Amino acid sequence: SQYSAVDTNPLSVYIMQPIWNKIIKIVPLWIAPNLLTFSGFVMILFNYFLISFYDWDYTASGTSPGLVPTWVWLFSAFTTFCAYALDSIDGKHARRTQSSTPLGELFDHGLDSWATSIFVLSFFSVCSRDNGKTGVSVYTMYIYLSIVLFNFMCSHWEKYNTGVLFLPWGYDISQVVLIAAYLLTGTVGVEVWQKPLLFGYYITDVLVILLIGFSLFLSFPQTLYNIHRAHLKKTLKNDSLYEGLLPLVSPLLLFILLTVWVVLSPSNILAKQPRLFLWMVGVTFSNVICKVIICQMSGTRPELFHWFLFPLALVVYAAISGLLGGTEEAVLGVFTALVTAAHVHYGVCVGRQLSEHLNIYIFSLKKRVQE
């Protein structure tokens, strides 16, 4: 299907797009667009692991402010800006080199679906977790991450039904806020997050309130409105309500299972291993959403139950029933490693299949020689 996206965000249209149009001119024409996309993703990953190294349990900013070196925050601002830029110019570069393909679209959105959670998980190191005085509780982190992923899912569920990707306003705003937050932390220090800003509210409170407000009162109603408008114009891709709602079943079940584990975990798994647990949330979500993106692109029906749900349900049952006992953390570790490996394997396989099918290389503009 022909790719179509609509961007109405004034920040994007008037400020960022002119910047990207200047940057794109420096990119050599022999570079493959997917290489830009992938480079941005690798930078986000590298940055995430760097922060994790200094702040594994999200306590550094709250308890010992100097633990994460200043250069790490400045490097975070730099990598976030680069990833944002690369993600914004890859499509332009593809049109410029006349190499737009469904593989490129899938590659872009598939990596975005994973990067979305990694951005959020890196940002939590700035706020630090609740230490009684300042910081954000691990439950707030879980809810915050879930809302961001819910937003991402909405725009692709909308595309599944309307055929058009309305780029959420939150995207550009969140990237600019992230870069600003890292720069602020790097220049002023993490202490800035631990002093009340207005009326006893902290910056982090304000950001959480803004995020929830944006999602529930702007993004989600916009999604429903766009689907409703397509319904009136008779341009909906799916005739029945069942077909239209089908992609939402697995993500919702995923969220329910994860939340049950968080709430009923005997060892309070989220508080014990927030980084591991939230990483696993991001990976499982990304895999579920990638399936929806592929179905939307290929005009096929998504399966009702994503296969990740079955092992997850077993693990959650074993955990909350007390079967796992003291091994709950270890089992979370193993499960996280397995779903991450499965997700990477899935991505590699889909990429290879598509590159063979379309007769192109993923990271090169050279054409494949026909066998």
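Here the Cβ of each residue, glycine as well, is placed from N, Cα and C on the backbone.
Quick caveat, the model's predicted, so the values are computed rather than measured.
The transmembrane segment annotation in TrEMBL covers 26-50, 70-86, 136-154, 197-220, 241-264, 276-294, 306-324, 330-348.
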Output the single range from 26-50, 241-264, 276-294 maximising the number of Cβ pairs under 8 Å to the transmembrane segment (306-324).
241-264
Beyond the flanks of the transmembrane segment (26-50) by at least 6 residues, Cβ under 8 Å:
72, 75-76, 79-80, 82-87, 89-91, 93-94, 96-97, 99-100, 103-104, 107-108, 111, 114-115, 118-119, 121-122, 361-365
Checking distant contacts: for the transmembrane segment (276-294), what same-chain residues at least six beyond its ends satisfy Cβ-Cβ under 8 A?
106, 109-110, 113-114, 116-118, 120-121, 124, 141-142, 145-146, 149, 152-153, 156-157, 160, 247, 250-251, 254, 258, 262, 269-270, 300, 302-303, 306, 308, 312, 332-333, 335-336, 339-340, 342-343, 346-347, 350
Could you pull out which residues elsewhere in the chain have a CB under 8 Å from any CB of the transmembrane segment (70-86), counting only those six or more residues past its ends?
19-20, 23, 36-37, 39-41, 43-44, 46-47, 50-51, 54, 115, 119, 122, 126, 175, 178-179, 182-183, 185-186, 189
